[in-house]
Amino acid sequence: MQPFVLYNSEQRKKVEFVPRKEGHIDMYVCGMTVYDYCHIGHARVMVAFDYIIRFLRSQGWKVRYIRNITDIDDKIIKRANENGETIQQLTMRFIDAMNEDAANLGCLAPDEAPKATEYIDQMQNMIGNLVNKGAAYPASNGDVYFEVTKFEKYGRLSGRKLDDMQAGASERVDVEVEKKHPFDFVLWKHAKENEPSWASPWGNGRPGWHIECSAMSTCCLGNHFDIHGGGSDLMFPHHENEIAQSEASTGEQYVNYWIHVGFINVDGEKMSKSLGNFFTIRDVMEKFHPEVIRYFIVSSHYRSPVNFSDVALKEAKTSLTRFYHSFKAYQQVYGQTTTETLDQSFVERFNNAMCDDFNTAEAMAVLFELNKELNRAVKEEQADQATVLYSTLRHLTNILGLVQHNVDDFLKSDIGQEALALSDAEIEDFIQQRVDAKKAKDFAKADSIRQSLLEQGVVLEDTRQGTVWRRAD
């Protein structure tokens with residue numbers, strides 16, 4: 001089990017990971033609020049934590065992965081009322097859609113996916129504890145607020161100072177009469193007409209968003225656990241508020257390491273509905289194979305901002321297809337033959353990249369070099385070396401959740417045909433024409449066919465077993 005470093009958002013630097021329990025990692029990631037289809041920003045968070053977990057497990061870590069579902073929220077209530085359906089009908093429909101999208105992207109299911117509505121009692125217990133400790137207070141209207149000035153370390157995750165924030169609060173925060181401080185946040189909301197509610201010591205109502213994650217994470221993983229993650233947009237106020245209410249309630253450190261995934265921009269601008277550049281995963285899958293979306297996400301470091309565009313996805317499509325063609329070229333000669341012997345130099349370089357804050361950009365550079373070596377070994381008919389390189393590449397792409405489809409099925413899909421410009425059947429037909437030309441000693445025609453295919457990105461390689469083809473690197 002190789003030591004690894006990760007960027008801890010709270011410390012604002014890369015640090016070596018030290019588990020609370022030897023060989024075990026407990027991880028909680030903020031999931032979706034299920035009132036609509038998941039967008040490409042959600043896709044990045046899902047895929048990033050998926051390949052992080054896949055890698056850690058490949059290294060021998062026993063990872064317990066919790067990703068919650070927010071199934072009660074202002075947006076959910078509003079959308080259900082607009083649609084004329086119950087909240088449960090709405091949320092179950094979009095939970096199913098979310099799980100389907102995640103599966104299409106090749107993401108492993110979390111070990112547990114707690115729903116907020118299943119933990120109302122635990123949320124009320126935490127709120128009651130905060131009130132009893134003087135860290136929270138009930139307002140006259142039935143709301144309960146967390147008092148931020150009672151938590152001295154408030155702002156330590158985001159690097160914000162409460163005094164600085166308060167100075168401009170009148171411009172940024174709706175100062176409610178019931179609040180003692182403009183940044184006090186709601187733990188329990190009093191019941192309103194036509195909204196779901198639960199009985200509580202403070203009257204009927206429902207939980208605030210922030211308390212949901214604190215209750216679910218600590219119930220599933222304990223008061224103090226290893227890693228908490230989510231999108232960068234959640235750092236403040238959501239994760240900041242989680243720390244405050246959790247530590248004020250338990251008296252223990254909440255989380256050891258915070259991981260935040262960077263933003264996705266669309267054609268250089270921040271993704272937003274108002275700009276009309278907001279795309280759901282399903283929108284994008286109408287044009288691109290889901291594994292191309294995954295490749296696009298994997299190819300950049302998880303903390304870096306990424307520009308989403310058709311051009312970027314087409315580049316991802318071309319690059320991913322090269323791996324499939326290398327696999328096809330190998331399988332045409334050696335079938336599915338693999339070996340447990342791996343090229344340790346490539347494995348070590350790949351692991352070193354991933355152990356440096358899960359640097360997939362560097363890891364992919366290693367895989368491209370390995371892919372080129374595999375193509376060379378197949379071309380030179382070095383059977384033993386080709387088998388080792390193929391087995392190594394398959395092992396490492398599996399860790400990243402790439403090249404997971406049947407080679408022929410993938411290359412016959414729209415993505416494969418677009419990348420090649422020629423279908424498999426068309427290429428095989430050209431190869432047969434070339435074989436016939438060589439038999440007829442029409443070498444000029446044979447050379448012409450080879451050159452024509454090369455210009456269309458198809459490389460022919462003559463071996464003892466016959467002619468095989470692949471996409472040019």
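Every residue, even glycine, has its Cβ placed from backbone N, Cα and C.
According to Swiss-Prot, the Zn(2+) binding site annotation covers CYS30, CYS213, HIS238, GLU242, on the basis of sequence analysis. Counting only same-chain residues six or more apart in sequence, the Cβ atoms lying under 8 angstroms from the Cβ of CYS213 (Zn(2+) binding site) belong to TYR28, CYS30, ASN68, HIS238, GLU242.
Under the heading ATP binding site, Swiss-Prot lists LYS273, citing sequence analysis as support.
The motif ''HIGH' region' annotation in Swiss-Prot covers 32-42. Residue counts of the motif ''HIGH' region' (32-42) by helix, strand and coil are 3 helix, 2 strand, 6 coil (DSSP-based).
Feature annotation from Swiss-Prot assigns motif ''KMSKS' region' to 270-274.
Between the listed binding-site residues, namely CYS30, GLU242, the fewest other CB atoms within 10 angstroms of a CB are found at CYS30. Confidence annotation: the motif ''KMSKS' region' (270-274) carries a mean pLDDT of 71 in the model. In the structure as shown, the Cβ atom of HIS238 (Zn(2+) binding site) sits within 10 Å of 17 other Cβ atoms. Cβ atoms within 8 Å of the centroid of the Cβ atoms of CYS30, CYS213, HIS238, GLU242 (the Zn(2+) site) belong to the same-chain residues TRP209, HIS210, GLU212, SER214, SER217, HIS228, GLY230, LEU234, HIS239, ASN241, site residues excluded.
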